[in-house]
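Novice: Just passing along the structure, written as structure tokens.
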Amino acid sequence: MKLTCMVIVAVLFLTANTFVTADDSGNGLENLFSKAHHEIKNPEASNLNKRCIPFLHPCTFFFPDCCNSICAQFICL
């Protein structure tokens, strides 16, 4: 029972985190393909190259994207 509750909470947290951190959520899918085409022409314009979290900024345990450190207690150390 406790494990089921923990799994439900984890799924809800990850779902909320996905919606909060989604890029360009206001436009939906209307500019998805044009943006992808632009990023193929110019790979340096891709947002994937710029997604690391600096030192002492908030991070998540499940998706630790710290630049040169680790995520401990929800802060990049």
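Cβ atoms here come from the backbone N, Cα and C positions, even for glycine.
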Novice: From the list CYS67, CYS71, CYS76, which cysteine is recorded by Swiss-Prot as disulfide-linked to CYS52?
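Specialist: Out of the candidates CYS67, CYS71, CYS76, the one Swiss-Prot links to CYS52 is CYS67.
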Novice: Among the disulfide-bonded residues listed here (CYS59, CYS66, CYS71, CYS76), which has the Cα closest to the Cα of CYS52 (disulfide bond)?
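Specialist: Minimum Cα distance from CYS52 (disulfide bond) across CYS59, CYS66, CYS71, CYS76 lands on CYS66.
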Novice: For CYS66 (disulfide bond), what residues in its own chain, 6 or more apart in sequence, show a Cβ-Cβ distance under 8 Å?
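Specialist: Within the chain, CYS66 (disulfide bond) has Cβ neighbours under 8 Å at CYS52, ILE53, PHE55, CYS59, CYS76, LEU77.
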Novice: 10 Å Cβ neighbour count around CYS71 (disulfide bond)?
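Specialist: A 10 Å sphere around the Cβ of CYS71 (disulfide bond) contains 19 other Cβ atoms.
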